[in-house]
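K.L.:
Take a look at the following structure, please.
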Amino acid sequence: MLRGFALLAAVLLESATAGPCDIYNGAKTPCVAAHSTVRALLDAYKDGLYQVQRASDSKTLDIAPLSPGGNADAAAQDAFCKGTTCVISIIYDQSGKGNHLTSAPAGGAKNRPDSPARADRLPVTIGGNKAYGIWVEDGIGYRNNNTTGIATGDDAEAIYMVADGTHYNSGCCFDYGNAETNNKDDGAGTMEAIYIGNSTMWGYGEGTGPWIMADLEDGLFGCADKYCRNTPTVNNPYLVAMLKGRSGGTFALKQGNAQSGPLQTTYDGARPKGYTVMKKQGAIILGIGGDNSNWAHGSFYEGVMVSGDPTDDIDNQVQANIVAAGYGGESEEPKTFTFSNVDSESGSASDSV
């Protein structure tokens with residue numbers, strides 16, 4: 001009997017400590033990309049979450065979790081960047097696929113490389129520890145065009161991100177997910193990314209926004225039509241946005257509060273006309289559109305891309321894990337700051353105001 005209780009306790013402990021990618025991997029819908037500057041997304045992950053580069057001498061430092069599976073070591077960043085400024089030069093992929101993100105190259109919409117985010121512009125508390133998210137505004141964005149394991153064609157995938165529902169604009173496009181590999185707009189169905197913002201050019205929901213929608217290229221959709229009555233305005237400072245892009249002509253959108261409560265399904269049904277069979281290319285973008293449209297504002301804390309179509313139960317387990325992570329505290333731009341950019345082409349450091 002005691003042995004039975006011990007086994008049960010072990011199972012419960014494992015469930016409580018599993019990261020989002022442990023949950024997905026165990027369900028045979030594995031993580032193929034996992035990005036976060038605030039925490040590890042696998043229980044055993046202990047390598048770099050992201051890399052910072054400082055302006056004073058262009059040296060770099062990898063920021064790892066405080067312990068395996070834990071939150072980021074923000075103190076290491078603070079010490080390294082003391083007396084100067086730093087940018088986030090690499091966002092490491094924790095999935096093991098090597099799908100790391102760096103500053104996005106020039107594209108069809110904006111024909112110049114993007115800048116990396118300033119490393120200390122978005123302080124946050126998670127699990128009682130200080131960490132830093134990624135503050136995105138005009139000209140900032142990340143990309144990887146040479147990925148491994150990301151869905152292509154009409155293959156199924158799921159994507160989620162934790163972001164700030166109070167930091168947004170109508171500019172294109174605060175996205176995280178699947179995009180073109182050539183930095184250009186290749187037409188309907190060549191993207192599949194989760195979007196947060198209040199653009200009404202292609203689609204919109206109730207209220208004034210922001211809304212969670214799918215960027216499928218040449219269109220932002222909260223449902224199969226332009227107006228989506230079940231897509232509510234969201235304003236949580238810690239917001240979970242989830243997109244499930246299935247094979248065979250359907251997709252689903254879910255959202256939730258990253259601090260409490262369950263997920264809400266806002267749409268589950270047919271894709272819009274012209275998007276029934278997807279033509280995904282498998283690049284990864286963060287903070288920009290597929291053609292390097294880089295006028296969006298947003299705040300990013302974590303995001304995952306998985307292969308296949310996870311069940312609702314798995315989605316709920318991931319939501320519970322995010323809530324248990326303990327997001328809270330500051331999620332605003334500091335009152336005083338200076339900018340520092342690292343040129344995406346030359347790698348040299350420069351300061352601007």
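Numbering starts at 1 and runs along the chain as it is shown here.
Cβ atoms are placed via backbone N, Cα and C, with glycine included.
Unlike curated records, TrEMBL annotations are generated automatically.
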K.L.:
According to TrEMBL, region 'Disordered' applies to one of these ranges: 102-122, 165-185. Which one is it?
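P.N.:
That would be 102-122, per the region 'Disordered' entry in TrEMBL.
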K.L.:
Let me spell it out: for each of the disulfide-bonded residues (CYS31, CYS81, CYS172), count the other Cβ atoms within 10 Å of that residue's Cβ, using every protein chain shown. Which one has the most?
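P.N.:
It comes out as CYS31.
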K.L.:
List, in sequence order, the same-chain residues at least six positions removed whose CB sits under 8 Å from that of CYS173 (disulfide bond)?
P.N.:
ALA193, TYR195, GLY197, SER199, ASP215, LEU220, ILE288, GLY289, SER293, ALA296
K.L.:
Give the three-state DSSP assignment (helix, strand or coil) for CYS31 (disulfide bond).
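P.N.:
Looking at the DSSP assignment, CYS31 (disulfide bond) belongs to a strand.
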K.L.:
Among the disulfide-bonded residues listed here (CYS21, CYS31, CYS81, CYS86, CYS172), which has the Cα closest to the Cα of GLU217 (active site, nucleophile)?
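P.N.:
Result: the closest of the disulfide-bonded residues to GLU217 (active site, nucleophile) is CYS172.
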K.L.:
Over all shown protein chains, what is the count of other CB atoms within 10 A of the CB belonging to ASP291 (active site, proton donor)?
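P.N.:
The answer is 23 other Cβ atoms.
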K.L.:
Counting Cβ atoms within 10 Å across all protein chains shown, which of the disulfide-bonded residues CYS21, CYS86 comes out on top?
P.N.:
CYS86
